[in-house]
Amino acid sequence: MNRSENLFFSGSSLASQVHAAAINGDKGALHRLIIGNSALKDKEDQFGRTPLMYCVLADRLDCADALLKAGADVNKTDHSQRTALHLAAQKGNYRFMKLLLTRRANWMQKDLEEMTPLHLATRHKSPKCLALLLKFMAPGEVDTQDKNKQTALHWSAYYNNPEHVKLLIKHDSNIGIPDVEGKIPLHWAANHKDPSAVHTVRCILDAAPTESLLNWQDYEGRTPLHFAVADGNVTVVDVLTSYESCNITSYDNLFRTPLHWAALLGHAQIVHLLLERNKSGTIPSDSQGATPLHYAAQSNFAETVKVFLKHPSVKDDSDLEGRTSFMWAAGKGSDDVLRTMLSLKSDIDINMADKYGGTALHAAALSGHVSTVKLLLENNAQVDATDVMKHTPLFRACEMGHKDVIQTLIKGGARVDLVDQDGHSLLHWAALGGNADVCQILIENKINPNVQDYAGRTPLQCAAYGGYINCMAVLMENNADPNIQDKEGRTALHWSCNNGYLDAIKLLLDFAAFPNQMENNEERYTPLDYALLGERHEVIQFMLEHGALSIAAIQDIAAFKIQAVYKGYKVRKAFRDRKNLLMKHEQLRKDAAAKKREEENKRREAEQQKGRLSPDSCRPQALPCLPNTQTDSHKQSRAPSKQPPSSEAAQDPDKRACRGGPGRVSPSRAPQKEQHLSPDVQGTVPRKPNESPREQCKGRSACVHFSPSEGSDGKRHPGVSSVEKSRSETGGEQRCDKGKGFLKQPSCLRVAGPGDEGEDPGWAAASLPQQDGHRKPSRRQDTASKAKCTSQKRRVQELRGGRHSPAGSSRPGSAKGEVVHAGPNALQHRTPRNKTTQDKLAGGIYSDLPQNTEVLRSGVRKSGTSTLSEDAQVSKETDPAPGPLSGQSVNIDLLPVELRLQIIQKERSRKELFRKKNKAAAVIQRAWRSYQLRKHLSHLLHMKELGARDVDRWNRECLALLLQVWRKDLELTPPKTTAVTRTTKSLSKGSSGAKSTRHSVLKQIYGCSQEGKVPHSTRSSRTHSVLHLNSVSNLQCIHLLENSGRSKNFSYNLQSATPPKTKTKLRPSLEEECVRGSWNS
């Protein structure tokens, strides 16, 4: 020991002085201490060692001899159960071992590791100590085993001491005893990297060169050749394989032969040696079907691979999954091996696929070896080869997130628009792996971020499933829609709530994700329901704060709305049934009236036939209403209409029928618009007292014939109308002021046709009979006129196509034709119309008529005659408001189809222009009012942000704005009648708040897209304040008090996030008065 230790022992207790004297070799001090106290000779220190042990450690032979003579115990053990003989054998001290053995030391004593002094003696190169111990041992004690069941021969082979091995074998030591791992001494001798270990191996093999000894397998199936190959000891391998009984192709427990081990570790020389001494000629494979060439290829040992490929017995066979050694090399990035194989094997198939369809490029892309991918692409590897999952190498790279490989493949021509068998795109696999950079690269290469697979899932949903926030942010920044639903109705928010990713939920809501989207299945779960099922308390609280609803809450709201809609449906259905019933009664009444008119016309025709037989009644009278009559006679013809009918006419039914029918009211009771009309203009069809002029027009069957007439000289004169022919078709007689009889006015006048040229336009004066001329129509003329009128009626029906316009139709051309009065009374009409409208009709509609209808225009625009001016003067005197021109309108069914369409189109365009002008004016006025109100509201908000000191003034401004909005609403909104009477108190308290609450809650449920709006583009949470300002500037006055009474609608929190509260509010009484006032109005 050193000096400090000596001082320590000498300066402590008495026992320490004895140990110190033994270490220092102070024999005198040791003798004095032992004489003074005999117990000190075996005194133990803190390690349990006696002075004799310290004498062995310090090599104090004389002190040890003195202690043994004084009676010290030679077999005393320390705390490790080792005696002085153990220590002497461990140090290899031959003199102490001899001294102790002569003093009968126990050579079979075992320490805590169950090792005897014989085990410890094998550590030293000198065999003297081992030979000394073997002299004292019996023949069976040499194979004593330690705790690991190893004998002294195991330790000698381990320490590579061939002399010890020979000595132990000479003393009958067993060379076939396995230790705890199943290894025999030959395993330990072969498991040595020193080439000199071959001597130990030879010593053991020389003792028993048996096949069992050479091919002994430990508990893991490894032979001594496996260990020799593992250490790369070529000499030992050469010695072992030199024996013919050595099995080169023996398997271990993993079905790997020594050749597999040599290929895996890259020992090319050993590989060559084993291939040469392999007598079987076959290359075995392991449990996965991999050959030693696979092992060499994946480890990038090009020299070893070259040795394999040059040997004729080696073939590049596939493993159990169909992968060759070339694929193994590509998967491990063994570029040197790939180049070697491509150079040595010209027939190698670079695009060969395994049983799953994967190629070498698939394996390289999956592992992320950029250099390998480039090497394969340079050697014409197929860049878009697909496996059984329809995955290309680019899919494998996107799944693992290898950016460099992805860019290399895209530059090499890989397609980015492919999908696999499940419809997953490259972006789906990148999102499933959470690779945000890869997602950005793919989006830059024109991949749609909203692409859906066959289940309807988007890449954003895949990223939300894993909670990859960075990937989700990249997708939504590139316009990924967070509200897209898959086929089951789930969105990205459903997946985030299901897995409890709060940060992902916040990100989705910041990008305008709809929190109340429902599934398509029977449960109809919302994202909040997923959070409730998973008991995600933080997510539940956050979703409720942002207006999320469960399916139970949505069903309650839907039930409320359905009830309201059903009530409205019942009211509308009752109204519709009532309306249909009234219309049915009205139609029956009209049918009865038409039937009655038809019977009256038949009766009147019979009376006319009787009247023709009498010569007095058939005498023609003067026609004061025709254009050629004098002004005085025209004025006098109006006089009888202003006088009440005589008693004779009231009593005689035949006379009453000739004056216009039995139901004709007196001029004193008729409206003013009918009192000024003469009997000539009012027509011949009788009308009931309660029948309107429109209904009377429907009952007529008047017509206009556009055809030339034939004169007395045999020539065809334009517009010559035979009175005899027309008298047979008249439906009644009109009274004239000068004539004492009745004047039969024809209801159908013949108008000049297109073939008449060069005739006088004033044909009416020449063709119609004068007052003093009397002509009696012959029977042949009556028959001819009847036939012509019948054919004309048939032609009218053909032109109409059998269609009858409904009563009261406002469609142009839907009214039935009327009589064209060629006289001055034709300017008179039944209903009043201003002069502007009259001019428009005269110049607009009738300007489109052809030249052959000049008679129709002359009745409207003939200003040269004095008769027309006098008629207009009389019309002003009798009726201050001139009537419309429908009284002189032609039968539009007789006009050509093209002309009718032009008239209808012109009328429609005029109405459409008028409607557009009104709509534009309303839009301009509404926009100006909205601008003023928004300007006022912005001013108030600016005052509030600046912290206005005068709070009362700000309140007054707010109240003024509120009243202004309320006044506008009252002016624009018509009063609505409610079917159910309510009290003023209930309306003022509940109605406005309930309306606004239902509107906002439905908006939360169905979102903005359900209101007919275009979905907003994804935007950050910073834009929410701008949207809130826009919503505040809305002109719906109900929204200003949206929060009033909202919490009373439901017992749970269903409303959306309320707007931030201001410091100053309107007084509750003022708000209630405003609401009450709006409902009362």
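Glycine residues also receive a Cβ, built from the backbone N, Cα and C atoms like all the rest.
The compositional bias 'Basic and acidic residues' feature in Swiss-Prot is assigned to 589-610 (among others).
Marked as compositional bias 'Polar residues' by Swiss-Prot: 638-649 (among others).
The compositional bias 'Basic and acidic residues' feature in Swiss-Prot is assigned to 688-698 (among others).
According to Swiss-Prot, the compositional bias 'Basic and acidic residues' annotation covers 724-740 (among others).
Feature annotation from Swiss-Prot assigns compositional bias 'Basic and acidic residues' to 772-785 (among others).
Sequence annotations record features per position, and here Swiss-Prot assigns compositional bias 'Polar residues' to 863-872 (among others).
Here Swiss-Prot flags 1051-1061 (among others) as compositional bias 'Polar residues'.
Summarising the annotation, Swiss-Prot assigns repeat 'ANK 1' to 13-42. Only residues 6 or more beyond the boundaries of the repeat 'ANK 1' (13-42), in the same chain, are considered here, and those with a CB under 8 A from a CB of the stretch are 1, 5-6, 49-52, 54-55, 57-58, 60, 62-63, 66-67, 70-73, 76.
Feature annotation from Swiss-Prot assigns repeat 'ANK 7' to 220-250. Here the repeat 'ANK 7' (220-250) has Cβ contacts under 8 Å with residues 181-182, 186-187, 189-195, 197-198, 201-202, 205, 209-211, 214, 257-259, 261-262, 265, 267, 269-270, 273-274, 277-280, 282, 284 of the same chain, all six or more residues outside its ends.
Summarising model confidence by region, the repeat 'ANK 10' (321-350) averages a pLDDT of 93. The repeat 'ANK 10' feature in Swiss-Prot is assigned to 321-350.
In the repeat 'ANK 13' (422-451), helix, strand and coil residues by DSSP number 16 helix, 0 strand, 14 coil. Per Swiss-Prot, the feature repeat 'ANK 13' maps to 422-451.
Under 8 Å from some Cβ of the repeat 'ANK 13' (422-451) lie the Cβ atoms of residues 394-395, 398-401, 403, 406-407, 410, 416, 457-460, 462-463, 465-466, 468, 470-471, 473-475, 478-481, 484, all in the same chain and six or more residues away from its ends. DSSP labels the residues of the compositional bias 'Basic and acidic residues' (589-610) in these numbers: 22 helix, 0 strand, 0 coil.
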